[in-house]
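Undergrad: Pasting in a structure now, in structure tokens, and then I'll have a few things to ask.
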Amino acid sequence: MFTLIFLFLFLNIPLLVADFISPRCFWKMKQNEYRDRHHGTGCIFLILAIQQPVKKEYFSHILNIQTHTENHKYALALAFSIYEINRNPDLLPNMSLIFIFSADSCEWESELSLIRFGLQNSDNLPNYLCEELTKCILALTNMNWATTVTLHTILSNFLSDQLLHITYGTFHPALSDHEKFPYLHQMASDHTSLALALVSFIIHFGWNWVGLVISDSDQGIQFLSYLRREMEKYTLCFAFVNMIPLNINLYMSRAEVYYNQIMTSSTNVVIIYGDTDSTLAVSFRMWESLGIQRLWITTSQWDVSPSMKDFTFGNKYGTFAFEQHHSEISGFKHFVQTLNSVKCPDEYLVKLEWMHFNCEVSASKCKTLKNCSSNHSLKWLMVHTFDMAFIEESYYIYNAVYAFAHVLHQFTFQKFDNLPKDNGKEHNYSCKKLYSYLRKNHFINPVGDRVSMNQRDKLQEEYDIVYIWNFPQGLGLRVKIGMFSPYFPNGQQVHLSEDMLKWARGSTQVPTSMCSADCGPGSRKFRMDGMAACCFHCKPCPENEISNETNVDNCVQCPEDQYANTEQNHCIRKAVVFLSYEEPLGVALSLLSLCFSAFTTVVLGIFVKHHNTPIVKANNRTLTYLLLISLIFCFLCPLLFIGHPNSATCILQQLTFGVVFTVSLSTVLAKTITVVLAFKIIASQRMMKYFLISGAINYIIPICILIQVIVCAVWLRASPPSVDIDAHSEHGQIIIVCHKGSVNAFYCVLGYLAILAFGSFTLAFLSRNLPGAFNEAKSITFSMLVFCSVWVTFIPVYHSTKGKVMVAVEIFSTLASSAGMLGCIFVPKCYTILFRQDQNSLEMIRVKSSSNVHVS
């Protein structure tokens, strides 16, 4: 035991020491004088197991620890856990756990004097029991990893069989090496889910540009690798990564660089991760005091609650802390509220206020404190001084004490059951055996949480998200606003009560932290070489491409039947355009077609009615009727071009056009040949006369039609007309027209019609001066001249237009050429039949014939 005293003097570090001595020396000391100064980071506790009950008043002396708030929380957590265990009849029955520590400050000199006094004057201690069963030392510490390694190494050399070392601080990978530290156990988990929790939290607020400040240590580098891997999955970027060196001299030489990097960075969110007793803590406090306006994200071990004395610049954004989730410890607040000092009921309140307001405490007990008031309730202080809900380290202490109690329970009663009841000699066992039990131990703690002492069996951590609410300045409320659970689906792992957030001194607007402004709908991201994945420029989408989300890498091409709107964030279905009966142009052309066909029908009726008149007889009534009927169909052909095209109408358009016009032109050709033969034949040409009289000339018509039908058949065989959907010629429109199929075949049809028209024109032109009262040569000449002019003009105009205008040009050409033949050949005759009947007689025919002969 004197070796242990030497180690305490040498290390000058706080320990929580559990000494299983059943029973050893139990006594209670009175309070000593307070010393107004700051001390170490913890207190030394001796935890003993005795075979008698312990009253609750025993725990009141823990309130006399005059140290900073963090240690006070740990001491209260230790006292409460021991208090619960002692009240549990199923855990360590007939045994009680107690702790011994100095009534003065938690400094090693007073604790050492307590240990020395207890060991040297054990006979004078009350409740002394002489039977000593065995000993085992539990070292429960919260130090940085280097100090922990030093402590564990030294204690192991001196107390290898009596050391059971448990840490409740931050997990460090170096301490998880069981070969180097076989009897060291870490209560904290390795925080494998912390990186995912931070990334999910960042994504929840739409941030992608954050800064990171870590300690330049193995722990910091490991956390950086975890965090970088998670951030790369979701395209999040570091604005900067500051690795704060542990060496104070190296840090001081670069402190200004770290400060300028944070100040000049465009990010508003900075993550802090590292040891709280390192140079990183110095940096963080300095940045806070200088009023750097950033939103800080830390872990639970950082005490980021501002004190009421910190009336400096203040941070308008506040701080978030991630704490390991655990159920609420019921009864803890009531336990603390019912604890009072023996002599001075208000003394505990005064001490809490001293810790909160940084007041000066008088050297004597129960005196009025300078600049302080003791009239506040304990309940208020528990909320505003420090939250009495268990923090992460307090919860580790709670579970560590319970784990130790369970191990003692299992080992002790199993051992006693297996012992022979003989001479009652001392049965010694080492902490090595206890540790083998401890590593395998798992239990359900009183709040219902499953606790496993095996690191491999520990579940992924859930985290409570705490917001340090500092509005008004200095309030420093720790408010739980949500939690993170890795067991929920992606995107639903963070749950926040955002109505509890107050940004920028009361504002509800979430601060932004983006490397680049969002590329809104209608644009895409464009990165230059060397830019981070989160940094980009915005470029509008190309023509007929859209983006309906923010920050897309590539725009999406609209389908063939759709086009992009002016904002290029939505595809609009293109209007289907064709020459329809509903639009004015279609209505006009269809009416014009019907009117011409009706007029032609009237002309046909006139000729039929006056079929015995000389003017009708003189021009071959059969050919006249055939020509008028074909013209009726020529005028009706445009109706096939109007309306929604389909495969049938597309084929009928061209075939009907070609065949019907062939009938018309071949009839005109036959009439022209008839005129020529009638006036050019001489008496010796009996064969020609027979040919004219017999009507053999009429066979020209079917022969011409047959040739055109053969051309059309070849056309249909090679490449028939079909529906053509043109989605590119006009913006926002799908033009549906009939494609000609084989263009060569189409021009062959037109060419054949041109040959017939040109032949008729030539013969009629040569016969224009032949005698005869009703010579049609001149009429046919003019009609063919109109026909040829129309279709010669049609070709260039047809190729220069598209869509329904092109269809309208073809319809107009059909109507114009047909109207030319109707007007030039039949309108003058109708005028004569209806209005100049005096000229439609045999006498007038003889007069005209004789005059024509005389002139000739």
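Placement of Cβ uses the backbone N, Cα and C atoms for every residue, glycine included.
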Undergrad: Which stretch, out of 134-154, 197-217, 659-679, is listed as transmembrane segment by Swiss-Prot?
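TA: That would be 659-679, the stretch labelled transmembrane segment in Swiss-Prot.
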Undergrad: Per Swiss-Prot, does ILE98 fall on the same side of the membrane as HIS644?
TA: yes
Undergrad: Which residue range, 387-407, 807-827, is the one Swiss-Prot calls transmembrane segment?
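TA: Range annotated as transmembrane segment by Swiss-Prot: 807-827.
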Undergrad: Hey, what's the Cβ neighbour count for ASN94 (N-linked glycosylation site) at 10 Å?
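TA: Total other Cβ atoms inside 10 Å, all chains included: 9.
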Undergrad: Establish whether the number of Cβ pairs under 8 Å between the transmembrane segment (623-643) and the transmembrane segment (779-799) reaches at least three, counting only pairs separated by 6 or more residues.
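TA: No; fewer than 3 Cβ pairs under 8 Å.
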Undergrad: Quick test of the contact rule: Cβ under 8 Å, at least six residues beyond the ends. What residues does that give for the topological domain 'Extracellular' (644-658)?
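TA: Here the qualifying positions are 578, 580, 633, 637, 708, 711-712, 715-716, 720-723, 736-740, 746, 749, 752-753, 814.
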Undergrad: Quick check: in three-state DSSP terms, what is ASN94 (N-linked glycosylation site)?
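TA: Assignment for ASN94 (N-linked glycosylation site) reads coil.
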Undergrad: Same chain, outside the topological domain 'Extracellular' (712-745) by at least 6, Cβ under 8 Å from its Cβ: which residues?
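TA: Same-chain residues near the topological domain 'Extracellular' (712-745) but 6 or more away: 560-561, 563, 572, 574-578, 641, 644-647, 649-651, 653-655, 658-659, 802-804, 806-807.
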Undergrad: How about long-range neighbours of the transmembrane segment (587-607): same chain, 6 or more residues beyond its ends, C-beta under 8 Å?
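TA: That would be 579, 581, 616, 621, 624-625, 628-629, 631-632, 635-639, 642, 808, 811-812, 815, 818-819, 822, 826-827, 829-830, 833-834.
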Undergrad: When the pLDDT values for the topological domain 'Extracellular' (800-806) are averaged, what is the result?
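TA: Taking every residue of the topological domain 'Extracellular' (800-806) together, the mean pLDDT is 86.
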